[in-house]
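Colleague: The S-adenosyl-L-methionine binding site feature in TrEMBL is assigned to 45, 46, 51, 67, 72.
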């Protein structure tokens, strides 16, 4: 699983904001309820980022973050513990709070998230038990952003990875995926990393084959102003909500 840094997002800010808006909507942040909620949420492949958890901390009591690389987990821990040198996420927190209608309460949001995130675990979705040796109760919700395409070398490995993470989710629980279609690489600084070019048909079929029902799929074409950016070659971004059926 490749390291995911802030520079992994060459399409920001607009697509990142769109993704944030989609997560807010799924979590019920815009309407004050009616979205996804529950006791436990697990974030698969968190990277060093927190933006994907900012609305989840309003509707889930306990959040577990996870990532493959030590450096990403260390960066998350640094922010959670307010250590010197931690990345300043306040502009993103303020933006999400604005989407939720509470821009002035961004400091409270940060503290709520720090309280909700109870663990930052090692994760490898290519293993049958992605979080071993940790043992967790089945989650009400799994979220994962830009992970499948970075971690899986083949489509077969991606199918297996989806089966693996399904074991972490309770029956009738929700899976929230976001990522890119058509991407074959991304750049972090001057380092080049290959990615698995996912396509919509494959992803939907793979999820349905293992018992998920697709409840929402949103797609956004690559913004015209990013087409000359050589840090990634994705064609579309996607946001998907699925429910485990058994």
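Each residue, glycine too, has its Cβ placed from N, Cα and C.
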Colleague: Using a 10 Å radius around its CB, how many other CB atoms surround residue 51 (S-adenosyl-L-methionine binding site)?
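Modeller: A 10 Å sphere around the Cβ of residue 51 (S-adenosyl-L-methionine binding site) contains 20 other Cβ atoms.
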Colleague: Across all chains shown, how many C-beta atoms besides its own are within 10 angstroms of the C-beta of residue 46 (S-adenosyl-L-methionine binding site)?
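Modeller: If we count other Cβ atoms within 10 Å of residue 46 (S-adenosyl-L-methionine binding site), we arrive at 29.
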Colleague: Please give the maximum pairwise Cα distance, in Å and rounded to a whole number, for the S-adenosyl-L-methionine-binding set 45, 46, 51, 67, 72.
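Modeller: If we measure all Cα pairs in 45, 46, 51, 67, 72, the largest is 15 Å.
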Colleague: Name the residue among the binding-site residues 45, 67, 72 whose Cβ has the smallest number of other Cβ atoms within 10 Å.
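Modeller: Ranked by other Cβ atoms within 10 Å, the binding-site residues 45, 67, 72 bottom out at 72.
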